[in-house]
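Noted in TrEMBL for the protein shown:
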type	residues	note
SIGNAL	1-27	signal peptide
DOMAIN	50-123	domain 'Membrane-bound transcription factor site-1 protease-like N-terminal'
DOMAIN	211-463	domain 'Peptidase S8/S53'
ACT_SITE	ASP220	active site, charge relay system
ACT_SITE	HIS251	active site, charge relay system
ACT_SITE	SER417	active site, charge relay system
DOMAIN	491-619	domain 'MBTPS1 third'
DOMAIN	620-891	domain 'MBTPS1 fourth'
TRANSMEM	1008-1028	transmembrane segment
Amino acid sequence: MNTTSVSHPISTFSLCLISIFISFALLHRIPPPSTQSPTTFNSSLPNQISRSNYIVRFVNYQTAQAHREYLELGFRSGGWGWIERRNPAANYPTDFGLVWIDDGARETVIRGIGSLELVKDVNLDVAYRRDLLNEKTTERDRVGAFVDGEKRPGKIFTSMSFGDGDGDGDVQYYTAIANSTISWRRQLLSHRSQVTSLFGAEALWGKGYTGSKVKMAIFDTGIRAGHPHFRNIKERTNWTNEDTLNDNLGHGTFVAGVIAGVDAECLGFAPDTEIYAFRVFTDLQVSYTSWFLDAFNYAIATDMDVLNLSIGGPDYLDLPFVEKVWEITANNIIMVSAIGNDGPLYGTLNNPADQSDIIGVGGIDYSDHIASFSSRGMSTWEIPHGYGRVKPDVVAYGRDIMGSKISTGCKSLSGTSVASPVVAGMVCLLVSVIPESSRKDILNPASMKQALVEGAAKLSGPNMYEQGAGRVNLLESYEILKSYHPRASIFPSVLDYTDCPYSWPFCRQSLYAGAMPVIFNATILNGMGVIGYVESPPTWHPSDEEGNLLSIHFTYSEVIWPWTGYLALHMQIKEEGAQFSGDIEGNVTLRVYSPPSQGEMENRISTCVLQLKLKVVPTPPRPKRVLWDQFHSIKYPPGYIPRDSLDVRNDILDWHGDHLHTNFHIMFNMLRDTGYYVETLGSPLTCFDASQYGTLLLVDLEDEYFQEEIDKLRDDVINTGLGVAVFGEWYNVDTMVKMRFFDDNTRSWWTPVTGGANIPALNDLLAPFGIAFGDKILNGDYSMDGEQSRYASGTDIVRFPRGGYVHRFPFLDSSESGATQNVLRTPEMTVADSPILGLTEVGEGRVAVYGDSNCLDSSHMVTHCYWLLRKILDFTSGNIRDPVLFANSAKQDSPLYVEDSQLPSRRTDVNFSSYSSVLGKELICRSDSKFEMWGSKGYHIQVRGRNRKLPGYPVIDLGRGLNSTVDVSKSRRSTMFKKNKDEFLVNRYLGLFYRDEPDMPLLVGSHWLVPSIIAVIGLLVFLSFWRIRQKRRRRRKGSGSSRFSNM
């Protein structure tokens, strides 16, 4: 009896435990995070490379010997040595030294030397390479630092080459205002005109101004002694490792001829200018930063007046070079530099011409069209968290210009390398106008730029980022300098929304209330002194009552050095102007002062004026407002960010800014023509009010996302009805590994830090919607609704919810794994269709994804897909469904789905935080978000409404708050690279109840649902048996008491 009564509760308890264990066993069937072993590189350097050269910069100027003794006394460890530099600068004090460091001791030596008190920093001695063309090479054959995907020796440098100007073929010119080209036939004069005559140099020659006693430094390939075209070659110096002073390429001679040639067939502007030829490039067109630093120091020590530098490249983060250029201009040397030959692409300004203290020169032809080769603005230093400056400063004739050959005779060449000496020659001529005794008091880099930009003639066709102030006007600049008094000014001095196309892109989209601030970044030119200060904050002075509707916040240089600073206007229309339509006019004033000059007692003070004429329209309806995400864009420099199209083999770096107004400018114009208003967000996704926008446009993004951004976007789409349009790019780790190269200059392996886009990060962002991209690299042509398009290095879609619409096409996969399959493919085998376009409705919002962005990027576009973008925006913003995109044949009856292990993984061998604005950074709204958001973390939008069931989805959990909605937040990163282990686990559990996998796995109840149900059932079973057991105990107890009483 006792045995029977005890065994029954034990069995009941065991059954309960089994039920609970089953529930937790299901819970813990979660697979471990998908861990892909880090890609291993053979990082050993080539055997012949055991040491590298480094530049050690000091905080003061001393003789080279003094610096050497200081280093050898302060850091006695081995593994390094001093390199003696034998050049003309050795006789002067210097602020840097050149050392070699063994690669094995690199970190120890750099850390030890860098810790010394008088050492500023230690930098690799970077090499510059410029590729020049011979007379028979055409402009189309220009090459840069990469040829067929292979890195050439030297620093990564854009093509500074230029072609022979002969020929009369048709030339295509691209416009910034529409997606069109202007075809024109070169209109050359019946005889080849002198460029000096076109600018009226004879008028100044007639007044006796010929460049006399002006010291002109030409940094180039040298010049031969006794050249018959020059009457005043004062000095030739060689800064290279080749034992010659001669020009064996012809580029330096040609530049000198444009500036100061005396041959009747190819006259220069300033024939009596004193030429100082600095040979800084070898016959192989290679140069090193250390050569430039020595040559720059020598130019300062020998008191040059003007310096021409017809080189450039995208690396504005070569700090020793950039800061030495600042020092050059701070020592009152006027530097002129070519803006670059990377046109007609936008965002292609070359350094140092893109620096505000340099006169950056673009090129035009004799018909006053911007030359096709001339690089376009804006500057990209400030992107993605600001807005670029206006560059070039001026343009000059740069096509079919006559100049001197190496030994004798003349030839015709084209390029901004030609336009730069045209302006440099004019500068020499203008310097000679000022008496030598007062030149340094009046002339400086700022006052000369003021004379050039204020005297320039604005061209009728190009915009400000193509032409700057316009075509230089020598005689107007002469008149300005004749009566010049030191002052400060703003360039451009006018922003007029009614002046189109010059004021593009501002004139293309009026201001309205509720928009993100429109930023205009102007340059402060301070002709009063090398250093200046802003006396008080800038002030907005409206010309009438309506002007009070405009709110301007200012960011600016409180210290102006050298000679220049910036003034950025962040403009918003106040909410009370939501229905206003009309013009707003007024002035922005800024007071600048500089310390008194020699012999003066009081500060020099000047008031700068910027005139504004702005157009305002009523706030557009929500479906017509599109927000462009700029914040998550990363470009070169500082990292190896690869080009989006892998078909482009000679320009593999993504360095054009990826901005609406640089390489996406044609797309911007198209959207405006279609009636959309496009705003830019340079802050995290928490910093905008989704209720104001129809679509968030995410194109070619490389950065990570804060978890708060993922949570907010999920709520914005589901509850606020925001549309999201995503244009992705390729991402394949094996291909990235193959793309690495060993750079002989930095003595290191360069490997892409991400793909064309950061697909793992985008997949995190899209996970709440059940969408993910894969790692294929697809290429091919396709047709849809009569539109022909090229899919160039795009990716595929591997996850998409049921009920959405997906379009597939038979493209070849050119990734490493795909290439292997292609080799094994037999002729009779067909190519599988790859999903590339998906559209779906999510709650109150809509999401569309496309795997390629090259068709929107004007950098290397084959065919555009603006037609597709319009159809996508019609859907995401207005729920207008194109019958082709939403054909029944494209509807998903079952979801696309792959396991976590098949999703693209992050690289574990790259310190991505060095390039990211997210990893290791604070989430904060910046000065390009709405004023009320500055310095905050963004909009704290609460989840609105109750839990509700979306069409086609069994369960939806939206009531737990944005910070705990999905498990992706728990395991999103380990440092940054941990995979999302629970991203789609709910599929496995809900498969127990539903035949099909859920359409949007992360929108249904969490993965606790099934274990919880089983646990509850087990608990109920336990309580039932426990209750029965208790009743039986009471019965036994009652019968036992009766027995005891009876006894």
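From the backbone N, Cα and C atoms, a Cβ is placed for every residue, glycine too.
Note: TrEMBL annotation is automatic and uncurated.
Values in this document were obtained by computation on a predicted structure and should not be read as measured data.
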Greatest C-beta neighbour count within 10 angstroms, which of the active-site residues HIS251, SER417: SER417
Helix, strand and coil totals (DSSP H, G, I; E, B; other) for the domain 'Membrane-bound transcription factor site-1 protease-like N-terminal' (50-123): 27 helix, 29 strand, 18 coil
Averaged pLDDT, computed only over the residues in the domain 'Membrane-bound transcription factor site-1 protease-like N-terminal' (50-123): 95
The domain 'MBTPS1 third' (491-619) - residue tally per DSSP class, helix then strand then coil: 11 helix, 67 strand, 51 coil
